[in-house]
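First comes the structure, then the notes that go with it.
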Amino acid sequence: VFSIVVFGSIVNEGYLNRADELEEHCIFNRNHNACNYGITVGVLAFLSCLLYLALDAYFPQISSVKDRKKAVLSDIGVSAFWAFLWFVGFCFLTNQWQASDPADNPLNEGGDAARAAITFSFFSIFTWVGQAFLAYQRFQLGADSALFSQDYMDPSQDSGMPYAPYTNEEDATDAVGTYQQPPPADAFDTETQGYQTQNY
């Protein structure tokens, strides 16, 4: 959402011209690089968010331990990288906005859009740092649990004790007497159900 605000503000109101000019210039000190940087970083950050949102939805279907680990590590790296790019963008846009000549924009057109782009660039730094921290926690949790274990088993398949405990021959002979024989046929009231007992 923050990236949409940044590139949307610059695209909509980030370019203006003087009354005596036809060509529009970037509102940030007439430096086209500042506007291009804000738009590019904003669009690419938005696409990265969509990509990792799809990866999060697909993550439970990834059965390979190595692929799971790669996905989480890439999430950490990409989030830290975008936090750095947003920090650079915030510094760059702020510097160019302060260096802007008021004579280039006497009516202060697009000032709110420029300030919104700077503000949300600042917010984006903490958003991406937080995302990197959460991905790192997920990595540590996976390293300590079954997420990256080679013996990973689907929790729905785990029934507690899948096999009977092993017993040796001596234990088996001791346990024979603990079983009970079925009750004799006379113990049931067979006449009420229309059955007769037969002796062989």
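Numbers here mean position along the shown chain, with the first residue as 1.
Any Cβ shown, glycine's included, is placed from N, Cα and C.
As annotated by TrEMBL, compositional bias 'Polar residues' applies to 190-200.
Here the domain 'MARVEL' (1-140) has a mean pLDDT of 86 out of 100. Annotated domain 'MARVEL' per TrEMBL: 1-140, in sequence order.
The region 'Disordered' annotation in TrEMBL covers 159-200.
Note on the transmembrane segment (37-59): residues 3-4, 6-8, 10-11, 14, 28, 68, 71, 75, 78, 82, 85-86, 89, 92-93, 117, 121, 124, 128 of its chain, located 6 or more positions outside it, place their CB under 8 angstroms from a CB of the stretch. Feature annotation from TrEMBL assigns transmembrane segment to 37-59 (among others).
Under the heading transmembrane segment, TrEMBL lists 71-93 (among others).
Per TrEMBL, the feature transmembrane segment maps to 113-136 (among others).
Cβ atoms under 8 Å from those of the transmembrane segment (113-136) belong to residues 2-3, 5-6, 9-10, 12-14, 27-28, 38, 45, 72, 75-76, 79-80, 82-83, 86-87, 89-90, 93-94, 97 of the same chain, restricted to positions at least 6 beyond its ends.
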